[in-house]
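Some features that TrEMBL has for this protein:
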type	residues	note
TRANSMEM	39-68	transmembrane segment
TRANSMEM	115-134	transmembrane segment
TRANSMEM	146-173	transmembrane segment
TRANSMEM	202-227	transmembrane segment
TRANSMEM	239-261	transmembrane segment
TRANSMEM	267-288	transmembrane segment
TRANSMEM	300-322	transmembrane segment
Amino acid sequence: QVTGGSIANVVCSMFLPSPKNGGKILVDFDIALLSQPSILLGVSIGVICNVVFPEWLITILFAIFLAWCTFKTFKSGIYYWKIESEEGERRKGNYEEIEGPLLKKEEKGIIGIPWMKMGVLVMIWLSFFFLYLLRGNRYGQGIIHLEVCGLVYWIISSVQFPLAIIFTSWILYNNRKNKQNLPSKKQEIASEIKNNGGSRMLIFPLMAFLAGILGGVFGIGGGMLISPLLIQVGITPEVTAATCSFMVFFSSTMSAVQYILLGMDHVNTAIIFAIICLIASLIGLVVVQRAIEHHGRASLIVFSVGIVMALSTILITSFGAVDVWRDYTSGKYMGFKPPC
């Protein structure tokens, strides 16, 4: 489902540039490039935790996680709403002329997709995907025959750690070598990160790593966690939404591949839900975009995400609690399970 929704968001963000953003693509490829290795590593760990953890623990963690993200998202939405209201009052009072959206407008630049960075992202995805094919699924089916949960199996799995570190270090080195601000020149936080040393640059990989773990455990894309954090460090709502959707596309497809390799049931049902989510996401994108253009408030993105998370917290927690109670009354085993 997450994969289907992310496809719709990526298509709109990549091929329908925002006129309010100077006609440029809203996706911040620097953030995506810096975060992708860590989020894919986190997804791998999260998928294993999903197999090991009992359902009651996953339900509790999911409820806490969504409740926290909902609170942070609404708090950020109120903050941006106040900023937009102040900017609107200034425009009415003719204190300063502001054209376009109420939030700070980006400088015009070259319209297009940075294919070099896109190629690096695909290379990172393929590197992790090759490891999953080499390792195989829980039945020992892969490119080569391996003993399930044997020594070689775990050695191949552990290669993801140095792989993520190497990719992240290489990306950081290239950005420093090219004297580029991280994660983007367009954001005010970039200069602060540069002035406070290289350790501040690690906030995005660490953020992505945590989001990947939670995304793998809960079976979601991880964008719900990254979104409020990016907004907290100063990334605008439009760029946050587009960039998170772009990263979620890579992480969710990786999660889907791993679940299939681990022997997930009801694959056809999952595909149907993914198609439904794709269509629903397209409709939602059109509605939200028109609302932003009409009211001139990008904070509507933040509030819409917060509403979805609030509803998800109530519904998913309720259904999860019912399933846990059913397992308890039926005497089903509710402890931790082996990873294989």
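Placed from the backbone N, Cα and C atoms, the Cβ positions cover glycine too.
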When counting Cβ pairs under 8 Å to the transmembrane segment (202-227), the leader among 39-68, 115-134, 146-173, 300-322: 39-68
Recorded stretch, among 115-134, 146-173, 300-322, maximising Cβ pairs under 8 Å relative to the transmembrane segment (39-68): 300-322
Positions whose Cβ lies under 8 angstroms from the transmembrane segment (115-134), at least six residues beyond its ends: 29-30, 32-33, 36-37, 40-41, 44, 142-144, 156-157, 159-160, 163, 167, 171, 250, 253-254, 257-258, 261
